[in-house]
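Structure first, commentary second.
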């Protein structure tokens with residue numbers, strides 16, 4: 001029987017919003033001087049993790065094909081120095097329909113204008129690794145948005161009254177959040193001047209301070225106005241957010257461990273030079289107001305707690321354990337472990353692996369895993 005534990009690694013993704021040496025700083029590895037936005041730990045074919053050592057497979061997608069085991073998640077380190085795009089992800093049904101539709105249209109899977117690169121949903125959670133992790137996540141109550149529009153009207157002056165009145169009127173409609181948000185992204189000729197005025201307001205008035213880093217990174221983008229409709233959240237280290245299908249969000253800055261469905265389906269509405277499809281975004285958008293996206297972990301033994309998302313229409317197939325000291329995790333299937341602080345040893349009845357800071361490992365099958373050490377170790381597993 002092959003080993004239970006296999007060390008894995010990958011090459012950081014160099015997206016423009018990434019922090020210079022961000023992944024290296026999380027892992028305690030050598031700096032490269034490059035932008036390091038994400039490290040993917042999983043079998044997604046766009047960037048499967050490498051399996052190190054004397055393994056019968058070179059990458060995790062090869063391991064999946066050889067064993068018939070499918071990891072129902074993708075684990076990432078995320079390091080944002082600038083705001084990410086305004087985005088939402090489809091449900092499983094939406095992803096399957098969209099993937100088939102774009103295949104029929106003959107759009108290559110790797111084409112820049114492709115929305116659905118696979119038939120999978122992408123619900124996700126993120127656990128902050130540092131204090132001050134900031135995100136826009138879900139829509140604010142309409143009354144709060146309207147109060148800010150009234151305040152903005154006073155600041156920007158009469159010349160923008162028509163645009164603000166349209167925005168307010170759309171909010172008052174049935175399904176007003178969806179209509180108002182998509183109108184901001186519609187290209188109406190009144191929007192660009194309002195974006196410029198709101199940017200000036202954000203620079204001068206702390207009520208609109210959330211706009212400052214967004215406008216600096218994406219000057220003139222209509223998504224700047226969209227930010228006024230979203231909840232602005234600041235996390236401390238160890239706090240988490242749960243983002244089910246349809247949730248509109250944009251991470252603004254900070255580092256975190258992200259766990260999601262094994263998908264790269266992203267529908268963008270702004271704050272990006274990448275492909276934007278507001279019509280498709282509108283189809284998948286969850287336009288309900290309010291709601292608390294915080295995900296609170298529950299104890300799973302001494303020194304171990306588990307983030308267990310749920311309650312959404314599109315149930316996730318994964319959980320995330322966080323270990324700070326020793327304990328045991330009874331895994332019912334394959335998993336991936338990642339150490340971000342201190343050091344640990346993982347062992348089963350078959351073998352063991354040392355997990356110093358920065359190391360990631362595949363746990364290749366169901367096992368009762370004994371955890372020894374101190375620091376911070378994450379284990380992503382099927383639900």
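Placed from the backbone N, Cα and C atoms, the Cβ positions cover glycine too.
TrEMBL lists 8-141 with the feature domain 'Phosphomannose isomerase type I catalytic'. Summarised as a single figure, the pLDDT of the domain 'Phosphomannose isomerase type I catalytic' (8-141) averages 97.
In the structure as shown, the Cβ atom of residue 87 (Zn(2+) binding site) sits within 10 Å of 23 other Cβ atoms. Look at TrEMBL and you will find 87, 89, 124, 249 tagged as Zn(2+) binding site.
Of all the Cβ atoms in the protein chains shown, 23 others lie within 10 Å of the Cβ of residue 268 (active site). DSSP assigns residue 268 (active site) to a strand. For 268, the entry in TrEMBL reads active site.
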Euclidean distance between Cα atoms of residue 268 (active site) and residue 89 (Zn(2+) binding site), Å: 9
Check: same-chain CB within 8 A of Zn(2+) site center, minus 87, 89, 124, 249: 88, 122, 243, 247, 248, 266
Same-chain residues at least 6 apart in sequence whose Cβ lies under 8 Å from residue 249 (Zn(2+) binding site): 86, 87, 88, 135, 136, 137, 138, 230, 243
Distance, residue 124 (Zn(2+) binding site) to residue 268 (active site) (CA atoms, angstrom): 16
Collapsed DSSP category at residue 124 (Zn(2+) binding site): strand
